[in-house]
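**Q** My questions all concern the structure below.
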């Protein structure tokens, strides 16, 4: 079968990192191609090369059999390649039709918008997807699932032959997911090709025909989904045994350091758990399960409505992040660029930002020599690759930025270290270094909470694992009990703490 779209031998490098090396992707008419790989495998970079956001360093792109280069998202969109991003690009205050044809409104011979034609065309697009609502409805009145359908209708308005869906079900309910799958089957029957990017195994086996696997920026394989099992697919993605990739330190945890009882807050309902000295507690669950919210309520970044937290036997109340820090709880955010780092400031300034009390004299002036000494020590300990501590942190790679974010947390000498997605967007080499650092903290008696969407990471690094589902704790497992299947069952609510035995 001839591919609608072919990318072959794609290379793309950024300063200090090769994001793609010989990567390839084929998209066939009437078939769904899953694109899979761990975080940092190169999936997003490949999509940006495909849609013209990034220029490829080497390789070829064949569109409908012809060698092509797109010079930006507009040209790829007009050629017939549509992309539906994880974050929806719709304006809630406008109608569905206005969103679909934004910037391309139908104009009559008098130069005025032809509303009648625009709504009629939009209604036709919605009918193609078997949607029951009309295009004069405000987008803000729709559910997230229906908004996603509007994004698909918008893509179809460009006569798209290939549609890329990036984590399309992350914010959807089960019913909305089923509606999406019905639409995907409809698109297949119209001979459109679909690229489906997801980390959810169940969906890959339910809706996809083929799968392409990337690892460390390289093309690993293209296979028919029917010929694979979940285990063989994971093996292709990971490329090595779990224990080789995740160096687990087998130390017995100490006494209880943190005790959480019936904690409630925004997106968090009646959660209880304990954390011991020298223990890594993994927190697993799907997107929207409440993992990050739980950590922010614990740390003081979100309000606690009820429940108790005790640290080393003393009750602590955290009404703000400052309270969390003062009590020895450090939170390293999943979004280091928004919550964690000031990209225009230097490595030194970022690293010492929350620990300035330790480097301040009584009058408030800084002991610059002490600050430089401490920052230099952490740069060496963490093997941060930077020309100097005065380098702007925005110029460092993702892995080195993350090391600085973690080092900053440790400068305050915490008792509890919360790592939320610590290796997101970090290359494989830096991941291994971060895992080794985590083990070092564990050996020093630090209590660590590891929140991660990467199930192998949670399984490989944790001593114990708790699973969140819709704001509740849906399972707690020892390292020996935990498997991908068990964690996934708890994550989708099939297990609960009563029947998990």
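The count begins at 1 with the first shown residue.
Cβ atoms are placed via backbone N, Cα and C, with glycine included.
Feature annotation from Swiss-Prot assigns ATP binding site to 37, 38, 39, 40, 41, 42, 43, 44. The domain 'ABC transporter 1' annotation in Swiss-Prot covers 5-241 and rests on sequence analysis. As annotated by Swiss-Prot, domain 'ABC transporter 2' applies to 252-495.
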**Q** State the three-class DSSP label for residue 43 (ATP binding site), counting H, G and I as helix, E and B as strand, and everything else as coil.
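**A** For residue 43 (ATP binding site) - judged by DSSP and reduced to three states - the answer is helix.
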**Q** Would you mind listing, in sequence order, the residues at least six apart from residue 44 (ATP binding site) in the same chain with a Cβ closer than 8 Å to its Cβ?
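**A** Listed in sequence order: 166.
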**Q** If one looks at the chain holding residue 37 (ATP binding site), which residues at least 6 apart in sequence have a CB under 8 angstroms from its CB?
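**A** Expected: 43, 213, 214, 215, 220, 237.
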